[in-house]
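I have placed the structure first, in the form of structure tokens, so that the comments after it can refer back to it.
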Amino acid sequence: MKRSDLAVYFIMGTENCVKAPLQTLEEALAAGITMFQLREKGSYALKGEAYIQFARQCQALCTQYNVPFVINDDVALAVLLEADGLHIGQDDAQLQIAKAQFKGFIGVSVHTADEMATAIDGGCAYVGIGPIYATSSKADAKVPCHTAFPKAMHEQFPECPIVAIGGIEASNVAPVLATGVDGVAVISAICHSSDIQQTVKQLKGETI
Ligand code: TZP
Ligand code: MG
């Protein structure tokens with residue numbers, strides 16, 4: 001992956017969507033998202049063959065738009081589908097174990113400088129930092145870190161690509177981009193948008 005792939009990183013699972021999930025993904029791809037992560041969570045999450053088929057449909061759309069396709073948490077699915085990337089949190093498979101099984105790139109969620117240093121030593125492709133702001137899309141989200149933390153991590157580890165996540169939308173993206181991070185990862189800003197084209201432009205910091 002390239003650092004610029006993190007510019008607008010759309011994350012979605014069926015429970016996040018207001019419209020049909022594949023329609024939301026296709027609109028987001030057409031609008032210019034630069035990376036996509038399938039994060040299928042929650043009580044109504046697809047399971048088994050339905051989950052695999054949905055993942056394959058998301059992957060096919062990403063391939064059509066030449067956008068990297070990333071799987072959240074599920075190392076086995078990432079291996080099965082030969083996804084471009086895998087994203088893991090601190091509570092998920094350890095980076096070394098995931099790397100032994102999956103040959104694509106791996107991103108890691110980090111909340112402290114120590115976790116970030118460990119992820120870098122372990123060969124992560126990028127880190128996710130957040131939640132920046134309050135979010136209702138992650139049940140067990142930590143307390144918001146706001147913009148000082150990603151700014152400090154970018155200064156301390158300038159070679160490591162960073163994507164900021166959590167509560168980011170068009171109205172509050174400017175101070176996040178000003179920290180020097182490579183981009184923003186969003187769920188609801190796109191899933192709940194009435195104009196995805198416009199939202200993606202705004203998240204890129206482009207004025208209309
Ligand atoms: N990790 C930290 S915050 C978050 C995840 C997956 C949820 C982001 O969703 P939203 O709707 O963009 O706040
Ligand atoms: Mg996780």
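From the backbone N, Cα and C atoms, a Cβ is placed for every residue, glycine too.
Given the structure is predicted, the values throughout are model-derived calculations rather than measurements.
Residue density at N72 (4-amino-2-methyl-5-(diphosphooxymethyl)pyrimidine binding site): 22 other Cβ atoms are found within 10 A of its Cβ, drawing on all protein chains shown. The 4-amino-2-methyl-5-(diphosphooxymethyl)pyrimidine binding site feature in TrEMBL is assigned to Q37, L38, R39, E40, K41, N72, S109, K138.
For D73, D92, the entry in TrEMBL reads Mg(2+) binding site. In the three-state DSSP assignment, the secondary structure recorded for D73 (Mg(2+) binding site) is coil.
The domain 'Thiamine phosphate synthase/TenI' annotation in TrEMBL covers 8-190. Mean model confidence of the domain 'Thiamine phosphate synthase/TenI' (8-190) amounts to 97 (pLDDT, 0 to 100 scale).
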Is it possible to get the count of other C-beta atoms within 10 angstroms of the C-beta of Q37 (4-amino-2-methyl-5-(diphosphooxymethyl)pyrimidine binding site)?
25
Rounded to a whole number, what is the top Cα to Cα distance in Å among the residues the record ties to 4-amino-2-methyl-5-(diphosphooxymethyl)pyrimidine, namely Q37, L38, R39, E40, K41, N72, S109, K138?
17
At a 10 A cut-off on CB-CB distances, which of the binding-site residues E40, D73, D92 has the highest count?
E40
Which binding-site residues from the list D73, D92, S109 come close to ligand 2, meaning a Cβ under 6 Å from one of its atoms?
D73, D92
